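What TrEMBL records for Asp49 is Fe cation binding site. The Zn(2+) binding site annotation in TrEMBL covers Cys53, Cys56, Cys90, Cys93.
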Amino acid sequence: MPKYAEEILAVVTELQRHLTAEQVFMEMKKEHPSIAIGTVYKHRTERHDHLICSRCGKIADVHLPDIQSRIEYALGCDILSYDLKIRYICPDCREQEENNAEGGTQ
């Protein structure tokens, strides 16, 4: 495994929340002051888009592997880049809303 790969994975796993590459870089810099941000980018996983909860702001990854090719086919063009953010209500917030609704009807 390449240098830093295990530690980068440990940072992401340990913090148990969605982190940007910049946030991972800042965490890694605490133990490795000479690390370059390019090192973090080099160890990123496959492309993913984001689900963002409209209530609590929690970010979750969503993998939509064929979305770019589908859009390119539908529009008859080549996409150079894209940034997809989908707003939704996360399961925790939905459950909280349901519990609040049940409590309010009694």
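Glycine residues also receive a Cβ, built from the backbone N, Cα and C atoms like all the rest.
Owing to the predicted nature of the structure, the values given are computational and were not obtained by experimental measurement.
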*Determine, to the nearest whole angstrom, how far the Cα atom of Asp49 (Fe cation binding site) is from the Cα atom of Cys56 (Zn(2+) binding site).*
18
*asked:* Cβ within 8 angstroms of the Cβ centroid of Cys53, Cys56, Cys90, Cys93: which residues besides those meet this for the Zn(2+) site?
replied: Ser54, Arg55, Gly57, Lys58, Ile89, Pro91, Asp92, Arg94
*Within 10 Å of the Cβ of Asp49 (Fe cation binding site), how many other Cβ atoms can be counted across all chains shown?*
15
*Report, as a single number, how many Cβ atoms besides its own are within 10 Å of the Cβ of Cys93 (Zn(2+) binding site).*
16
*Using DSSP, would you call Cys93 (Zn(2+) binding site) helix, strand or coil?*
helix
*Cβ neighbours within the same chain of Cys90 (Zn(2+) binding site) - under 8 Å, at least six residues apart*: Leu51, Cys53, Arg55, Cys56, Lys58, Ala60
_Which of Cys53, Cys56, the listed binding-site residues, has fewest other Cβ atoms within 10 Å_ = Cys56
*For Cys53 (Zn(2+) binding site), what is the secondary structure by DSSP, using just helix, strand and coil?*
strand
